[in-house]
Amino acid sequence: MSDDSGTDGASDADAAESGAERADGDASVDERVESMYRDLAATAERPVNRESSAYLGEAEAVARDLHERAASREVVRERAGHVVRLLDSIEGTGDDAADGRVASARATAAELAGAEATSREDDS
């Protein structure tokens, strides 16, 4: 596998962790993944109820993995679908701001789960 990113010494892990580089440059999918992740990460700072917290933590972990690592279209769809299922288990967090973030993340995850967009493949 060759690295044409032009990072001159920066490791692939550093590029993936920063979320700044993707193998195929699909900004639209990357932006949606980042948005989903940021919405879920923001809920960690909110006073959510205990039941919701467990689902949010797992959904955030899945979203963080997608945000930090390049993935094929199939993997993005599968993991985004998992995020949707987790968030569908939440009936309310007990915090209006968190509820808004959950709704936004759920909508984005649903788009990604059904997206026909160009994949973010790391198979080059």
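Cβ from N, Cα, C; glycine included.
Residues or ranges marked as compositional bias 'Low complexity' in TrEMBL: 7-18. Residues or ranges marked as compositional bias 'Basic and acidic residues' by TrEMBL: 19-36. Residues annotated as domain 'DUF8152' in TrEMBL: 32-115. The region 'Disordered' annotation in TrEMBL covers 1-36.
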Using DSSP, tally how many residues of the domain 'DUF8152' (32-115) sit in helix, strand and coil. 66 helix, 1 strand, 17 coil
Across the domain 'DUF8152' (32-115), what does the mean pLDDT come to, as a whole number? 95
